[in-house]
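> Sharing a structure here in structure tokens format.
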Amino acid sequence: MMAAVDATEGRSPVLRVLDAIDRTVEALCRGMALSTGLALLFLISVGVGARYVIHVGGIDWAEELPKQVFPWFIMSGVVLAVRGGNHIAVDLIMRVLSPALRTALVVFINAVVAVAYVMLCKTALDLAIIAAAEINPVLGTPGSLPFYALAIGSILTAIGAASIAVRVFILGADAAPQGRPEDSVQ
């Protein structure tokens, strides 16, 4: 009987840490996407059903709550898309570059993406402070909640892009996540 082999055995400590971070972020975002997706399905169904049953206009919270949940759903999907290599990309130039230039380009692009999302996180947090003064009249929640979804999603996207950059720097361009062929420009 053969013993199970640890997939991280023989990998550098940096790559093991990145693997752990990536698994944690993926689990968190998959859970968020699933739970918010189901919540949206339920809330929108309740809202639509109530409009037909209650002839006065439906249930107020069933109309407002999806607006608060939707940003969390979207940002979890953005993080998962970046992590899986399914984010918007045009990879025509990659075919004509040498492996060293491909590696440099992938590292550079992901470093720029990481910096841009850190800046977006800061902006979202600044806006959350301003929007906190607005209170949803139906739910009583602060207007800052969607901005926190943007901030958290942005920092997780930055972490994902930085992880890709480091991984590609160490292992080469082939270590970059490969999106599905139908999602790329060929």
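Cβ atoms here come from the backbone N, Cα and C positions, even for glycine.
Here TrEMBL flags 42-168 as domain 'Tripartite ATP-independent periplasmic transporters DctQ component'. Annotation source TrEMBL lists transmembrane segment at 33-54, 69-93, 105-133, 145-170.
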> I need to check the long-range neighbours of the transmembrane segment (33-54): which residues 6 or more away from its ends have a CB within less than 8 Å of a CB in the stretch?
62-63, 65-66, 69-70, 72-73, 76-77, 80
> Restricting attention to the domain 'Tripartite ATP-independent periplasmic transporters DctQ component' (42-168), give the mean pLDDT.
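In the predicted model, the domain 'Tripartite ATP-independent periplasmic transporters DctQ component' (42-168) has a mean pLDDT of 89.
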